[in-house]
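Per TrEMBL, these features apply:
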| type | residues | note |
| --- | --- | --- |
| BINDING | G176, Q177, T178, G179, S180, G181, K182, T183 | ATP binding site |
| COILED | 37-90 | coiled coil |
| DOMAIN | 97-420 | domain 'Kinesin motor' |
Amino acid sequence: MDGDCVAHEPKSSMECLQQTLAMKDTRFNAVQAALEVERSKSEALQAEVERKDVENAKLSKENAQLTSQLAASRDELRQKDEDLRALHNAVVDLKGQIRVAVRVRPPIGKELDAPINHLEYPGISSIKIDKGKGAQTFEFQRVFGPNMNQIRVFNEVEELILSCLHGYNVSIIAYGQTGSGKTYTMRGGYGDLEGIIPRAVKFLFQSRDKLADLDWSFNFKASFLEVYNEEVYDLLGERKKLDIKLGTGTTAVAGLKYQDINTLDDIELILAITDKTRSTAATKCNEQSSRSHAVFELAIHGYNGTSDTHMPSGATRHACLHLVDLAGSERVKESGAEGDRFKELTHINSALSNLQNCIRCQLNKEPHIPYRNSKLTMLLRDSLGAGSSKTMVIVNLNPAVTQIAETRRSLEFAQKMSITKIGSAKKQEQ
C-alpha cells in the first residue's frame, strides 16, 4: 500500500505542475490579450491625436485667414465710413449753410373757436398766407404744419446734428414771436413730447456707440446760459453773471461751467435745473413766456485709438452743438408790459432787431457785420457767418388769425435768412 502511494507521488506532482503552468499560460494569454487591447486603444488615440493635430493646424490656418479678412473688412468699413461721412456732409451742404424750416404750432385755447383758413400748405416745403397784403407763398427747406409731431421735426435735423461727430460745428436756432412754440420745439416735454435738446443728446449717444466699432471714442460736456436784459448768466453755475470774450474767429464765455454728460440721466438733471433757473414771466401774449435767450452747448471731443491705412492712430475730432431758444418778440402795445416786463421786452426786441440787421448785412455782403451790437449776436457770431458752423433756423409761427401781421413778418425774415450765405463750415479734425 505504502509503495503504491509513493509510486504515485511523482505523477501527481507533474500534474500539479502542468496545471499550474496551464493557469499561468491562461493568465499570460489574458494579459497579452489585454495588452493588445490597450495597444489598439493607444494606436487609436495616437491616430486621433494626429487627426486633431491636422485639424488644429487647419483651424489655425483658417483663423489666421479670418483674422486677416477681419482686419481687411475693418479697413474697408473705415474707408466706407469716411466716404459716407463725406457724402453725408455733401448732401447737407447742398441744402445751404443756413437752412430754414418753418413750424406752425396747433391752435390752443380760444384759438380753436376761430377757423384757421389764412394758412395753407401746398407742399412739404411751402406755406401760403392769404390775408392782409394778399396771398403770398413762401418756400423753405421744410414746412411743418400744425399736425407735425416732435419726432417728425427731429427727423429733419438729425442728419445735421450727426455732423458734430464728423467734426463740424452745428447750430439750431428757434426763432419766432412769443407764444409760437419755440421752447416746446427745443425743450419740449417728456416721452414722445421731448424736444430737440434731449433728443439730440440721445441720438448722439446712439451714434457714438456705433462709431465705437471703428475705434472712435467720444466724450461730451454741456453748458447752458441765458441772455437776460443784455447780461449773460450761467444757468448751471448758480446764475453767475459772465462776460463774452471775442477773439479772432472765436467766441468764448469766460467762467462758463461745463458739466460732463455720460448718461441720459445727466442731461435730464441739467434740463431740470435750467427749467427752474431760466427767466420766465406771464404776459398778455403768453402765460409762460421765456424772457431770455437760452443757449445750450454740447462740446464734443472724439479720439481714434487705432492705426490703419485710412485713419492714423491718435486722430481727433472736436465740435460744438449749439441749440438756441430765442426769446419771442412782442409788440409793446399788445404786450401790456410795464416796469420790469417793459425793460425785458425792450432788450428782447432790441437783440432780435440786431439779429435781423446782421442777417441783412450778410445778405447785402456788407464788409462789416455788427455782431457786437448785442450780447445775443456776439454769442451767435460763429453761427451766423463769422465762424465755421452749419446752421439751421426753425421759425415758429402762431396760427391765430389775430397774429397774421406778425406771422407775415416772421416769414419775410425767414425768407431773407434762407438766401443768406455764411460760408462753408470747416471740419475740426486733426
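Our numbering is plain: 1 for the first residue shown, then up by one each step along the chain.
Just so you know, glycine gets a Cβ as well, placed from its N, Cα and C.
Quick caveat, the model's predicted, so the values are computed rather than measured.
One residue stands out among the binding-site residues S180, T183 for having the most other Cβ atoms within 10 Å of its Cβ: S180. In this model, the domain 'Kinesin motor' (97-420) carries an average pLDDT of 89. The secondary structure of G179 (ATP binding site), as reduced to three states from DSSP, is coil rather than helix or strand.
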